[in-house]
Amino acid sequence: MGKSGFITIVGKPNVGKSTLLNALVGEKIAITSPKVQTTRYRITGILNEDDNQFIFIDTPGMHKPSHSLGKQMDKAATEAMADVDCVLWVVDQPFKKSDEFILNRIKHEGLPTILVINKIDELEKKSDIDEIIISFMGKYEFDEIIPVSAKDKTHFVHLKNAILKHLYEGPQFYPEDYVTDQSKDARMAELIREKILYATEQEVPHSVAVMIETMKVNEELNTLDVDALIIVERDSQKGIIIGKNGEMLKKIGTQARKEINKIFDLKVHLTLWVKVKKDWRNDPQTVTRYGYGD
Ligand code: GDP
Ligand code: K
Ligand code: MG
C-alpha cells in the first residue's frame, strides 16, 4: 500500500514556494511572479506517484501583516502548519534576523521540517550553498537540509524521499485525477491576476483582486465565454490597468486567455472589466468576499 499525507510549504515572500509546488506537482497550480504577495491564500497541489500521494499546501509568504488582506494571508500561512505531516521551509539566502519570525512558528509547531535551499541554479559556487547551510545550523533540528532548484527540478528525488519518511501508509485522501482544491474559476482568476502582476509596478499589483463573474459554454462557437472583473483600489489604478486606448487591458486579456486555453485545454472567450473599490484591502468583509478570508 502506498503512503499519503500533507506537506506545508512555508517561507519568506519570493523564495520560490509556488514555483516549487508547481514543479513538484508537474502542473501550474499556483501563480508565480518576482513580486511579493503573489500568493494570497493556501493552495493545495497533489502529486500522485508510485502509489504514493503527496498533498502539498502552498502558503502566502510570511511577513508582518499591515492590512486586512495581509492579516488573512498570514493567518492562512500559519494555519496551514497545523495538522500536517511535514513542513518544507524554503529559503534562498543565509539566515537573517528576519527569519526568526518563521523560525519561531516552526518551533512552536514542532513538526518534522525539511530546510529546502532553493534557487541553487543561481548560486555561483558550492561554497554559497555551504554558507546558507551553516547559517541555519543549530536553529532547529531539521530533518534534512536539501538544496534544490525549483526551476530546474534538481534533487527532487532526494526531496520526495525525505518527505515520504513522514507520510503514512493508508488510503489516499484524494482521487488520482484531482490536482488541486482550487475551483476552475479561482484558477482562472489567479491566472489573470498573474498577468497583471507582470504588467504593472509598485502598488498597483498588490491592489488588484480578480473575480470571475460569469462562465458560459457558447455552443454555437464551441467556446467558453468568461467575464472577469478586475478590482482596484483607486481611479488612477483603473486608468493604469486599462492603459492608453485600452492597450494594457488588451495585453493582459490576450496573455491570460492564451494560458487559460493551454492549462485547461479550452477555447476561452475572455472579457475583462475594471472596477474601483476604494481601499478594499483594508475592509475585512470585502477581503472575504473577494475570496481571501475565511
Ligand atoms: P513565492 O513567493 O515564494 O511563492 O515565490 P515564487 O514561486 O512566486 O517565485 C518568486 C520568483 O523566484 C519568481 O520570479 C520565480 O521565477 C523565481 N524562482 C523560483 N524558483 C526558482 C529557482 O529555482 N531558480 C531561479 N533562478 N528562480 C526561481
Ligand atoms: K512571488
Ligand atoms: Mg507564492
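Just so you know, glycine gets a Cβ as well, placed from its N, Cα and C.
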Quiz item: Pick from 98-101, 118-121, 258-261: which range has region 'G4' per TrEMBL?
Solution: 118-121
Self-check item: Secondary structure tally of the region 'G3' (58-61) (DSSP, helix then strand then coil)
Solution: 0 helix, 1 strand, 3 coil
Practice problem: Identify which of the binding-site residues ASN14, LYS17, MET62, ILE120 has its Cβ surrounded by the largest number of other Cβ atoms within 10 Å, counting every protein chain shown. | Solution: LYS17
Exercise. Quickly jot the same-chain residues contacting the region 'G3' (58-61) by Cβ under 8 Å, restricted to those at least six beyond its ends, or write none.
Key: 8-15, 17-18, 21, 29-30, 36-37, 39-45, 73-74, 76-77, 80
Practice problem: Please indicate, using numbers and ranges, the residues of the same chain that are 6 or more beyond the region 'G2' (37-41) and have a C-beta under 8 Å from a C-beta there. | Solution: 13, 17-18, 30-31, 58-61, 69-70, 72-73, 76, 194, 197, 206, 291-292
Practice problem: Output, ordered by sequence, the same-chain residues six or more apart from THR59 (GTP binding site) with a CB under 8 Å from its CB, or 'none'. | Solution: THR8, ILE9, VAL10, LYS17, THR39, ARG42, ALA76, ALA77, ALA80
